[in-house]
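Accompanying notes for the structure given below.
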Amino acid sequence: MQPDAAATAHPSLSFYSAATGLYSSLHPPLPLPSDPSLSLVPHLFSHLPLHHHSLLVDAPTAATLSCADFRRLVSSLAAGLRRRLHIARGSLVLLLLPNSLTFPVAFLAVLATGAVATTMNPSSAPAEIAARLRDTAPSLVLASTHNAAKLPPLAAPLVLVPDTFQQQHDDDQFDFFFHALLETDPETPVEMGVGVGQDDAAAVLYSSGTSGRSKGVVVTHRNLIAMVELFVRFEASQYTRPARDNVYLAALPMFHVYGLSLFAVGLLSLGCTVVVMRRFNVDDAVKAIRKYKVTHLPLVPPIMSALLRANPPLELDSLLQVSSGAAPLNHTLIHHFLHAFPHVDFIQGYGMTESTAVGTRGFNTCKHKKYASVGLLAPNMHAKIVHLESGSCLPPGSYGELWLHGPAIMKEFCFVTGYLNDDDDAFTRKDGWLRTGDIAYFDSDGYLFIVGRLKDTIKYKGFQIAPADLEAVLIRHPEIIDVAVTSDEDEEAGEIPVAFVVRKSGSTLSCTHVMEYVAKQVRTRRSYTTQHSPYFLAWEHYKIIITASAQSAFLLARVSNSSKNGSLQALCPPVQINMADIS
């Protein structure tokens, strides 16, 4: 994609200041709450409708929670956590939960106690869970019965959480959840967010950042309130259709910032209906869309690809809008989607864990339908496009690194136990600006286009994979003396990981053995086949040292050519490294 040629003339544009190099939102600024003692849950409840509308629906069982049910359950669980387990300000609670009706209740109840919540994929391998427990030292773990058996030894209390509020179980830990819900009379008001305010930490959400191993992103109550107002509620205000009439399908994981911001927090303030899927499956999603007359479907590129591959082609008449985020979409996929679903309003958005999912949002108008763009800057947000070498600010039509500034930008990184800044925190957040690591440009209408990435994280189906995390797993193998992990492009997944392995001299380590080793250490999913599958290569007589960075792409191309003349030995034909999968 080429930048807008008209922008190269640098006209006088309302969203760009040539004097400062800053980009501002074309949307008017929105007032945000000024009370420093305000926390997320009271703010959310101030918007939550009082009528007995179905706020949450469990897609598999059709169980529902009304707005009144939801308010009561959050209040009751918060009181139970305080009184029975002494969860309060200074506590950290790990949510190891799948999508369910109970996830939003549990997440907000933890915040209502004044504690900090941290989320994790419930399908994580025991070694990954153990590492997270070491990093965060939680006061309490909330887990599902589906993954309780594989939990490593815990130093903190464990409470098993059901998928719905009608579920029964013989386990005493499971029963505690229900007893905690009975701690307060439904009619008795419960004080929310005791002792915490807007500047206090609310959640630690893990991200690969721009480099290195995964680290915790500390987001505050102010960040989450800004997300509710600048992302979810602002977008709803731009349409004439009442938000309460919308039905959203929650096919994205709530442990990820994209799903969390929408389904466990923001959309609840609108009083619309959220239909919750445990995990994405095309057939189940289609059934849910038709059964519940879903109007809005937030998704990531692999879900869009799966919908387009359905045979016979789908007819989803109730859908009004599909929004894509978390990973780039290629032009071919966009074209096919617009052709298959011409009645659907398709938009893209841009946000990061570090920006609490706030950044840009697409809006289609009679004048502008820029489907390949990630949209306009959100209200109250500012941006820079920074030259990669000189550090100077660039005008519209010029490529550079995207920097963001605004009330949704994270507080800090935490990397080890406690809220300690990681070494690259100052690099990532410079004078309040978030360096995204993404290469982008603004066109002459203020629309943002993402064209590449500086950072070495791998975007697999919308999930971030840190090469350093995979390298740390592989290098622990006794027959591997060096390893470099990079990525290769893939039409369906976006990117897939590739590992270059150096074996010990004389080792007969095979690709199959390496794969079996990785599978025991890293969360895996069902096989995923592609013509551009990743593969292992080994060097026995000499060693190449390379970090997983921009050099890796160059190495990948060189390796492909070198292997043809025998200078490199392929351990086996191309195979798949099974990574996180939302399907």
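Quick reminder: no glycine exception, Cβ is built from N, Cα and C everywhere.
Database features (Swiss-Prot):
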{"type": "BINDING", "residues": "SER207, SER208, GLY209, THR210, SER211, LYS215, GLN348, GLY349, THR353, ASP438, ARG453", "note": "ATP binding site"}
{"type": "BINDING", "residues": "TYR258, ALA326, GLN348, GLY349, THR353, LYS455, LYS459", "note": "(E)-4-coumaroyl-AMP binding site"}
{"type": "BINDING", "residues": "ARG279, LYS461, GLY462", "note": "CoA binding site"}
{"type": "REGION", "residues": "281-348", "note": "region 'SBD1'"}
{"type": "REGION", "residues": "349-419", "note": "region 'SBD2'"}
Neighbour tally for SER207 (ATP binding site), based on other Cβ positions within 10 Å of its Cβ: 19
Residue with minimal Cβ packing [other Cβ atoms within 10 Å] among the binding-site residues ARG279, ARG453, LYS459: ARG279
Counts of helix, strand and coil residues, the region 'SBD1' (281-348), according to DSSP: 30 helix, 12 strand, 26 coil
Local backbone state of THR353 (ATP binding site), from DSSP in three classes: helix
PLDDT averaged over every residue in the region 'SBD2' (349-419): 88
Length of the line joining the Cα atoms of SER207 (ATP binding site) and LYS459 ((E)-4-coumaroyl-AMP binding site), in Å: 11
Inter-residue Cα distance where the pair is ARG279 (CoA binding site) and TYR258 ((E)-4-coumaroyl-AMP binding site), in Å: 14
Distance, GLN348 (ATP binding site) to ALA326 ((E)-4-coumaroyl-AMP binding site) (CA atoms, angstrom): 9
Rounded Cα-Cα span from LYS459 ((E)-4-coumaroyl-AMP binding site) to THR353 (ATP binding site), Å: 13
Alpha-carbon distance [ARG279 (CoA binding site); LYS459 ((E)-4-coumaroyl-AMP binding site)] in Å: 19
Pairwise CA distance, GLN348 (ATP binding site) versus ARG279 (CoA binding site), rounded so that it is a whole Å: 22
Pairwise Cα distance for GLY349 ((E)-4-coumaroyl-AMP binding site)/ARG453 (ATP binding site) [Å, integer]: 16
Conformational class of TYR258 ((E)-4-coumaroyl-AMP binding site) under the three-state DSSP mapping: helix
Integer Cα-Cα distance in angstrom, ARG279 (CoA binding site) to ARG453 (ATP binding site): 28
